[in-house]
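> Input: one structure, supplied below.
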Ligand SMILES: Nc1nc2c([nH]c(=O)n2[C@@H]2O[C@H](COP(=O)(O)OP(=O)(O)OP(=O)(O)O)[C@@H](O)[C@H]2O)c(=O)[nH]1
Ligand SMILES: [Mg+2]
């Protein structure tokens, strides 16, 4: 199976204690679960360019500061993904669900109560651990 490269943003608020999540539509892959906004990298596209493009398209923000956080590879029964997670620590504009998706700012400590795609378990645990420091 071909691995799909995906780039997604862990978007922090100004004080760094909340992140912005989007609810995947029921009909999407891993539907009705919370995701870090992002999407598929285009052929030949640099990771940072893909991140900036996806966050502009999906939530209407312009990323002004970001750093790579972690890469997670995961095999779902129907597809294989390589998720490139980037921290987004500054952006311009007010986030909006440009594709009709629900957005929510959640405190790091609240992430444990939500349903995420299976592949996100390690990154969610990492963010939860950061919440109790
Ligand atoms: N954006 C995003 N995708 C994730 C996460 N975790 C995870 O397993 N995925 C998977 O990675 C893939 C990303 O695809 P996507 O649906 O966001 O892609 P896209 O925005 O380009 O959408 P499109 O294919 O509808 O145009 C999906 O298979 C999704 O289930 C996550 O935290 N954020
Ligand atoms: Mg997407």
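Including glycine, each Cβ sits where the backbone N, Cα and C put it.
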> Among 120, 125, which residue does TrEMBL annotate as binding 8-oxo-dGTP together with 24, 29, 35, 36, 37, 38?
120
> Return the count of C-beta atoms lying within 10 angstroms of the C-beta of residue 24 (8-oxo-dGTP binding site), excluding that atom itself.
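Residue 24 (8-oxo-dGTP binding site): 19 neighbouring Cβ atoms within 10 Å.
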> Let me know the largest Cα to Cα distance in Å among the 8-oxo-dGTP-binding residues 24, 29, 35, 36, 37, 38, 120, as an integer.
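Across 24, 29, 35, 36, 37, 38, 120, the two farthest Cα atoms sit 14 Å apart.
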